Each structure stands twice: as C-alpha cells, then as structure tokens.
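First comes the structure, then the notes that go with it.
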Amino acid sequence: GCRGAQGRFAYKLLHDLFANYSSALRPVEDTDRALNVTLQVTLSQIIDMDERNQVLTSYLWVRQAWLDAHLAWDKDAYGGIDSIRIPSSYVWRPDIILYNNADDRFGGSMETNVVLRSDGHIMWDSPAITKSSCKVDVSYFPFDGQQCRLTFGSWTYNGNQIDLRNRLDTGDLTDFVENVEWEVLGMPATRNVITYGCCSEPYPDVTYTLLLRRRASFYIFNLLLPCIMVSFLAPLGFYLPADSGEKVSLGVTVLLALTVFQLLVAESMPPSESVPLIGKYYIATMTMITASTALTIFIMNVHHCGPGARPVPPWARRLILHHMARLCCVYEVGESCKSPRRVPSRRAGREDTGGPGESPMEGKVSAEAAGCPRDRCLCHHDGLLRNVGYIAGCFRRHRASQCRTSEWKKVAKVMDRFFMWVFFLMVFLMSVLVLGNAA
C-alpha cells in the first residue's frame, strides 16, 4: 500500500509540474539575469585518431546541471518525494554543443533522462560519441604528442543569458579505458569568454585540452628498426667482391625497400609541410644509399681498368696504396697491417717496360765482350736474336700491364674499404640523431 501511494504521488507530481510548463523558454524568474549552467566532461574512451584528416573520435560522458525555477515542489506535499527521473525532452535544456565538431551528421547527445530534484535543480547525464577537429603536428612522428581541444558552448544564448562554467578544473579520467596507441597525460579545463565578429555580446565556452602522447613501440618495431637494419646493409655493398656482379644490385634493392617504407609513412600522415622525423630519416638514408651506389659504380670502373690503362699516379700511390691501405687494413696474402709495404718506384717500372728497346747489336757487343766468337756460337744469328728479343719484349709488356691492372684493382679495393667504414659511421650517426631528437 505504501508503494502504491508513492506511485500515485509521483504521477500527481508529474501532472502538477508540467500542467502549465513550457520547455521552449529559459526557466528563470527574472529574464534579465543569466542562468548558471555547470558542465563536466568525463572521457571514457579514445576511439580513433585520424592523423591524415585531423579528426579525433572520442566517447564522452557529458553532465550538465542548472536550476529550473518553474519545477520546484514541496516534497512533504507529495509523500516525501525528493527527486524524479523524467525524459529530457520534457524540460528546457541548454543548447550546449561541441564547437569544433567534425561529424558530417552533426549528431548530438543521446536522449537520456534527467534527474529533477525538489528544489528545482536538474542534472542531465548523457553519453556522446564526438568527432572533433584536432590540429595534428607530426614533426616528431612516431615520438610525437598531440593537444586536442574540445570546446563546448551555447549556440544561441550569449553570456548575458547563460553563464556557462566548468564544474572541475580538469576532465574526469577515472573511468577512462586505456588506448593501445595513445597515452592520456591530462585533460585540463579552461573557461573562455569570446566576443565574435557576428555579435556584440560575449559568449562563454569551456575548453578541455586533451594531452596525448603516442605509444611508439609499434612504430619502432615495424617502421624504424627494419629501416635501420636495411640501412646497415647498404655499406656492405662496398665489401662485396667487384667480380661478383651484385654490388649495384644490393644498393638498388635497399633503395627500393626504403621507398616502400617511405610510402607507408606518407599514406598515414597529413599532406602538410612539416615532414615527420622518421620521414627525414628515410630521406637521408635514401640519399646516402644513392651516393653509395654511385660511388660503387665509379669504383667498379676503376677495378675493371684494362691493360691499356695508365699507371697509377704517384700521389695516388702514396695516399691510397700506402696510407689509406694501412688505415683500412687492406693487405695482400702474406702481409699484415703493420709490416712495411714496398711501394713500386717509377724507376722499377721503367726497368720492367724497357725490354723492347734493346737492339741486336748491343747483344752482339756484350757477347763478344764475354769472349764468345761470333762465327762459332749459334746464339748470335740475327734471326734467332730478333725472335728472342720480340718474345722477351712481349713478356715484359704483359708483365707491366698486369702490374698496372693489379695496382688499379688494389686502389679500388682500398677505396671500397674506406667508403664502407665511412658509410657505416654515417648510418650510425643518423640513427643516434633520430633517437636523440625523439628523446
């Protein structure tokens, strides 16, 4: 019987309250006074962050509270009923919307019930999935942080009619569901009073700044580490033997792999002037690999110098075959880095190549000086002597061309080792700079 009496009192209360009530007018006794509306936002979940379109999709709980002077009652006259829950469409509601809404449907809050108390205070809790515009700065991607603002305010009521204030100095994060990509550092709230160009009246709003930091583990293991490992393959192209025929192929393959990674990053980033940090690393690495491939082609041209090549210049002998070879520990079989290296002189080269200029008359004179009579020795016949001189000259020329070819191959090998260590150092320094800028 007591429960039935409570039900009858509630029905009578609802009938009495809304008998002459209109939800179209602002519920104040004095129309010259502003109605105080407090706002509190609870962040429940970050659904998506679209960096390319710069849109943040979030799930919010929005609580609005105000005083309706026309909906107060004496609770003793209605069986002690202190509060009732009624559909929100029954009462007047402030038109608080998200100013930076980016939803094409422009949906509002869910039509939930309001809690109406006997003193006229109304509390309206409504969940909402919002899409807000957020200026995304990807300069330090994937080690970046973002600041996304959620600005709430009345669309038609100015500050002289509705005084909008934030209930707390920060958004409520107690029921936040952790996001796998973003870490929420805070959600401070500020109240702003702005006079727009269209109107002379001030319009208050409450802005919640969502401080986000990207969890970079996924991008480190899927974009950064593969790029670093592929980059360390590029200097190894200098270590490949020149006769293998794979030096240029390795550089081109590494360049194509980095191009694929660069396209993956470009597809997810907004088309802005700010290049992300990982994109700068890709561009620098691709430039380095292009330079290494060009140097490889040049060194292969030096390695494959034919027999008609000129001798190695003296400055190249001293710089490359002596100093740089010892620095890079390039030595032949039986030598070591610390053993003294014999540098071929120009005089020795002339001795090796001077055979064809010897005449048969010089052979005759030397033979006669040795005491061998001409008419009794077969070796002094002119025809045989010319043939022997020709064969000896061909052998000396062949040996001289082999010496020049081996010297040019040695020069190419020393340059390969030198540039290999130089590019290894460049890759290491670029990796350290990227991680240092990220920190």
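Every residue gets a Cβ built from N, Cα and C, even glycine.
Features reported for this protein in TrEMBL:
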type     : residues : note
DOMAIN   : 11-215   : domain 'Neurotransmitter-gated ion-channel ligand-binding'
DOMAIN   : 223-433  : domain 'Neurotransmitter-gated ion-channel transmembrane'
REGION   : 339-365  : region 'Disordered'
TRANSMEM : 218-241  : transmembrane segment
TRANSMEM : 248-269  : transmembrane segment
TRANSMEM : 281-300  : transmembrane segment
TRANSMEM : 418-438  : transmembrane segment
Residues of the parent chain within Cβ reach of the transmembrane segment (418-438), under 8 Å, 6 or more residues beyond its termini: 140, 143, 216, 224, 228, 231-232, 234-236, 238-239, 277-278, 280-281, 284-285, 288, 292, 295, 299, 324, 327-328
Folded-back contacts onto the transmembrane segment (218-241), same chain, C-beta under 8 angstroms, at least six residues removed: 141-142, 181, 247-248, 250-251, 254, 257-258, 261, 264-265, 278, 281-282, 285, 288-289, 292-293, 295-296, 299, 416-417, 419-421, 423-424, 427, 430-431, 434
Arithmetic mean of per-residue pLDDT over the domain 'Neurotransmitter-gated ion-channel ligand-binding' (11-215): 90
